[in-house]
């Protein structure tokens with residue numbers, strides 16, 4: 001008699017969750033997706049940037065061509081400072097030359113729509129399924145939903161975002177079975193220091209397709225990305241007056257967004273374009289608190305967290321969605337190895353736990369690096385202290401030709417699906433060559449030289465600047 005199939009229950013029809021569904025389908029691993037909302041791809045004004053590390057995985061899944069039709073590759077970045085100084089560089093063009101994939105921005109809704117419409121078995125993606133409880137026992141796990149349904153699997157995956165119910169359930173079970181495993185410090189480790197008004201606007205004269213503007217200001221930064229047909233994806237990120245601890249964080253309405261944009265309306269971001277123009281041309285917009293954290297408890301028994309449910313960043317370096325896509329690819333690869341290569345269809349609790357420990361051991365160091373870069377990025381863009389003001393205004397412009405090298409370090413060691421062929425377009429000198437890490441090492445050394453120069457020179461600049469001001 002044939003053994004029961006290994007089954008994965010995915011909580012959350014997010015980009016991470018749907019990517020995992022595609023990956024598992026390619027590996028012929030049984031699964032089901034439970035989404036709490038009544039539709040998979042609502043238009044909420046959110047946008048995402050797809051970088052080569054995420055793009056190569058979607059290319060492996062055969063989805064990249066559909067996404068390219070909807071987008072315009074970014075080529076040029078303009079950086080603007082409060083004193084009127086600005087410079088431009090070809091960071092994005094260099095990224096494309098190094099990796100074979102462009103960087104592009106698109107509606108989050110459109111990416112979700114492509115992920116859903118191209119998925120071959122819609123009966124495995126269920127909506128109106130709010131997970132209320134996680135249960136685990138020897139050899140199995142299940143979740144219950146608010147309509148009374150129960151879904152059992154060998155593995156439960158939380159891809160349900162920053163407000164993850166599965167994360168809360170993991171903590172609840174851990175507190176019962178292993179008190180102290182999830183510490184009080186970890187439960188209070190996610191914080192909010194910034195708010196973000198984000199939106200999508202109709203084309204504006206002066207904001208050309210394929211370009212990006214990053215306006216550094218004191219306590220404020222504005223990011224615009226100009227997509228296909230001139231459509232503008234934008235973020236207005238502001239420093240709050242104090243740090244908040246999740247879940248006791250501010251909640252914002254559309255009225256709050258309007259009041260903020262009205263107050264900031266005359267602030268110029270690029271040439272004659274002001275924040276008010278973005279708001280007036282909006283098609284959709286929203287406002288939210290920006291949570292930041294990388295949790296330390298990634299899995300418990302037969303449940304694991306992916307994407308924003310376990311590592312949450314601000315949008316400044318554009319790696320949030322890409323990181324979730326990588327999570328999905330690595331987990332699918334490990335499951336495939338367990339079920340299809342080792343032929344363990346019904347693994348023990350110990351075997352599943354070892355697989356999840358392996359996942360965390362691989363992903364945590366990379367995500368910690370990306371998280372640190374993101375945390376520093378938003379604080380430099382908002383000129384959070386004197387050091388970052390000098391660094392952003394006087395040092396970074398001198399190293400603009402090296403920005404692609406620095407950005408490459410967040411791309412080059414990204415996870416891929418190890419059971420599917422590498423895409424043909426995954427080419428260029430940026431990727432590591434088999435048996436040869438020289439390019440990556442050289443890039444890392446160049447970054448070290450740049451950072452060492454900053455460390456040595458910046459204190460003198462701080463002293464001189466302080467003397468002039470005070």
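Even glycines carry a Cβ here, placed using N, Cα and C.
If you look up Swiss-Prot, you'll see 216 marked as active site, on the strength of similarity to another entry. Annotated FAD binding site per Swiss-Prot: 35, 49, 108, 308, 321, in sequence order, evidence recorded as similarity to another entry. Residues or ranges marked as N-linked glycosylation site in Swiss-Prot: 121. Per Swiss-Prot, the feature signal peptide maps to 1-23. Per Swiss-Prot, the feature transmembrane segment maps to 450-470; the stated evidence is sequence analysis.
Positions of the features from Swiss-Prot, shown on the structure.
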| residue | record | Cβ contacts under 8 Å, 6 or more apart |
| --- | --- | --- |
| 35 | FAD binding site | 12, 13, 17, 125, 126, 127, 128, 129 |
| 49 | FAD binding site | 103, 104, 105, 225, 318, 321, 322 |
| 108 | FAD binding site | 15, 44, 46, 47, 48, 321 |
| 121 | N-linked glycosylation site | 25 |
| 216 | active site | 79, 80, 81, 82, 380, 381, 382, 383, 392, 393 |
| 308 | FAD binding site | 14, 16, 161, 162, 164, 320, 324 |
Among the FAD-binding set 35, 49, 108, 308, 321, as the record gives it, the longest Cα-Cα distance in Å: 23
DSSP-derived class (H/G/I helix, E/B strand, else coil) of residue 216 (active site): strand
Per DSSP, three-state class assigned to residue 35 (FAD binding site): coil
Secondary structure of residue 49 (FAD binding site) (DSSP, helix/strand/coil): strand
Residue 321 (FAD binding site): tally of other CB atoms within 10 A of its CB: 24
In three-state DSSP terms, the structure that residue 108 (FAD binding site) belongs to: helix
DSSP state at residue 308 (FAD binding site), helix/strand/coil: helix
Collapsed DSSP category at residue 321 (FAD binding site): helix
